[in-house]
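Everything below concerns the one structure shown next.
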Amino acid sequence: MAEMGMGKGVTAGKLASNVQKKLTRAQEKVMQKLGKADETRDVAFEEGVINFNKQYTEGSKLQKDLRAYLAAVQTMHESSKNLQECLSDMYEPEWYGKDDLDSIVEDTDVLWTDFHQKLVDNALISMDTYLGQFPDIKSRIAKRDRKLVDYDSARHNHSSTNKGKKGKDGASLLERATPVWAQGILSAHNIAQSNLSRNQAEDELERAQKVFEEINEDLQEELPSLWNSRVGFYISTFQSMSGFEEKKSFETELCYFLHCVQVTTMHDYAANDSDELEMKAGDIVLVVAFDNPEEQDEGWLMGMKQEDWIQNKQSSLKGVFPENFTSRL
């Protein structure tokens with residue numbers, strides 16, 4: 001009946017055993033802190049745990065900042081979409097390039113969506129998977145610490161049991177008070193009890209040592225491997241984040257379209273030098289500023305063909321051309 005009030009699968013014996021383990025561990029820790037019992041130390045493992053905690057803290061911060069960044073990207077996407085739709089609505093249908101503007105607005109929206117999804121797939125999901133392994137390892141580190149205390153306790157119990165063997169002059173008061181004819185029987189009984197205690201202490205030590213070494217061996221391999229894995233993971237994450245540069249080119253594309261002066265070519269122009277732009281009559285050219293204004297000669301402009309720019313964006317060919325071969329749109 002007493003077991004019915006306990007959790008499912010928990011017996012009174014199991015509960016008592018767990019309580020006894022906790023009491024034994026607490027006693028062992030107190031003895032170690034008081035300096036009355038030696039403590040097994042592994043400096044290399046302790047450094048590995050320090051690195052583990054540092055890695056977990058850094059990863060959690062990166063995950064938090066990444067989620068905040070994704071939220072900001074989503075907000076920017078909505079703001080960009082609203083702004084560009086407003087510009088598209090204000091750009092009257094009969095104005096030149098209306099279809100191109102609408103296409104740019106649509107492409108920019110698709111790029112924002114694609115960029116956000118790539119961050120989720122290549123950065124956030126990877127980050128969640130990366131951090132997902134830490135709680136289990138943290139739990140096993142805590143378990144190792146408990147098993148180490150059990151091992152130390154069993155080791156000290158084994159040592160004290162062996163030291164407790166009495167010599168010839170170590171007879172107890174009971175033994176001295178026992179009649180001579182019964183002393184042999186009592187002595188044999190005491191020896192059997194002593195041997196039993198030593199065997200039990202030895203068995204307990206072997207079990208505690210085996211359990212500790214199994215979990216310790218696994219962690220000794222995992223912690224350094226996990227610590228070294230952070231380098232490749234961070235590089236991969238930062239490479240995923242660098243995709244933001246690709247998005248910026250589409251924002252630049254809209255700026256070029258709205259702000260560049262456009263001219264149409266009235267006559268064919270054959271380039272006479274490598275820095276000149278060859279043009280055919282009817283070509284539309286986007287006029288851009290010289291990188292060095294002092295290099296601009298009077299009557300000459302710098303630009304790139306609109307068709308080339310639409311296909312190649314920032315890698316399109318730029319060159320100088322005579323202004324009097326063109327007419328401003």
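Placement of Cβ uses the backbone N, Cα and C atoms for every residue, glycine included.
Worth saying up front: this structure is predicted, and the values here are computed from it rather than measured.
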Quick one: sort out which of 159-190, 191-222 is the coiled coil according to TrEMBL.
191-222
So what's the average pLDDT for the coiled coil (191-222)?
82
Take the domain 'SH3' (258-329) and count its residues per DSSP category (helix H/G/I, strand E/B, coil), listing them in that order.
18 helix, 26 strand, 28 coil
